[in-house]
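First up is the structure itself, then whatever we jot down about it.
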Amino acid sequence: MQCALYDAGRCRSCQWITQPIPEQLSAKTADLKNLLADFPVEEWCAPVSGPEQGFRNKAKMVVSGSVEKPLLGMLHRDGTPEDLCDCPLYPASFAPVFAALKPFIARAGLTPYNVARKRGELKYILLTESQSDGGMMLRFVLRSETKLAQLRKALPWLQEQLPQLKVITVNIQPVHMAIMEGETEIYLTEQQALAERFNDVPLWVRPQSFFQTNPAVASQLYATARDWVRQLPVKHMWDLFCGVGGFGLHCATPDMQLTGIEIAPEAIACAKQSAAELGLTRLQFQALDSTQFATAQGEVPELVLVNPPRRGIGKPLCDYLSTMAPRFIIYSSCNAQTMAKDVRELPGYRIERVQLFDMFPHTAHYEVLTLLVKQ
């Protein structure tokens, strides 16, 4: 992938950009095989990749510069701002949004937050696009509600310029730290969730719910999990750390009992909405801590699917699964190091199948799906 920002030394986020994709995949596969070298793996499936540019459905832009000439992008370690509107990871549909946002920031008087001086209001712009209908969700992350009335007043102009903006919110993040969002979310549109669709499964994205940033590869990840589950004799499963329900909604059948657990209430609201649309009455989604939920149960289903954050599922949940011994565990991981550590804590299981998903091209990161079977 050619990137003018990288070539000019202005951005180094894509550290592997000079390597062709096949070389990147080989290096990631070698890393994964090295991490799982102590475990016999019955089947290594071919890695899955997607487009090498324009694949991201989300932009997280630090706002800097002045109210008249805002910059959308990032800050270097020395505090120097860098405009990343031309980043080739973003689809072409993002360019007109960025172009309209710059004059809008001036119209609404949203002074960019100055980190060094701890002054200003507008900290971040967060943009998400739906692959199914091109609808977008835009979030303004502000330090306080001081400029909220001004923003509301100027908003009709922006909506006229960008009718694709279906959900618009203000998030209040008052702390002087590099934290992307605060707890308070103020909706400026009637619509509160963005409609998405993977493999004919309706999914919903709300402002404070996690959603994969590479839809082309994520949809293949969910479809693969569905195919693996359909090959197993499973009538009851848990989907732990379930997010908006992507895995569970793909894997569920009308006669399957499924419980999805996720700590974020916003994500659970999305999952429930999807389940209702699909008419799946035996699906239950709850906003709870996944480890606390599981370890409080006296019995387990035939299959437990886990999709934890980078830290992994951790020893307490590993110990519980080892003791309760569900017949199958499907582990989806964005950090193969912690997954390998967790698998070591599950000595009663063998690895039946592993597949790498190149969710993050041009970086060392990748997603991996692993099927563990009780010995």
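Quick reminder: no glycine exception, Cβ is built from N, Cα and C everywhere.
Residues or ranges marked as active site, nucleophile by Swiss-Prot on the basis of sequence analysis: C334. Among the features that Swiss-Prot reports, [4Fe-4S] cluster binding site is placed at C3, C11, C14, C87. Per Swiss-Prot, the feature S-adenosyl-L-methionine binding site maps to Q212, F241, E262, N307.
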Please list, in sequence order, every residue of the chain apart from Q212, F241, E262, N307 whose Cβ lies within 8 Å of the Cβ centroid of the S-adenosyl-L-methionine site.
F210, C242, G243, V244, G246, F247, A267, P308, S332
Non-site residues, in chain order, whose CB comes within 8 A of the mean position of the CB atoms of C3, C11, C14, C87 at [4Fe-4S] cluster:
L5, Y6, S13, I17, L84, P88, L89, H362
To the nearest whole angstrom, what is the C-alpha distance linking F241 (S-adenosyl-L-methionine binding site) and C87 ([4Fe-4S] cluster binding site)?
31
List the same-chain residues at least 6 positions away in sequence whose Cβ sits under 8 Å from the Cβ of C3 ([4Fe-4S] cluster binding site), in sequence order, or say none.
C11, C14, I17, C87, P88
Could you round the CA separation between E262 (S-adenosyl-L-methionine binding site) and C334 (active site, nucleophile) to a whole angstrom and send it over?
17
Taking the Cβ of C87 ([4Fe-4S] cluster binding site) as centre, how many other Cβ atoms lie within 10 Å?
23
Nearest-integer angstrom distance between the alpha carbons (Cα) of C334 (active site, nucleophile) and N307 (S-adenosyl-L-methionine binding site):
8
Check the DSSP secondary structure of C87 ([4Fe-4S] cluster binding site), expressed as helix, strand or coil.
coil
Coarse DSSP state, helix versus strand versus coil, of E262 (S-adenosyl-L-methionine binding site):
strand
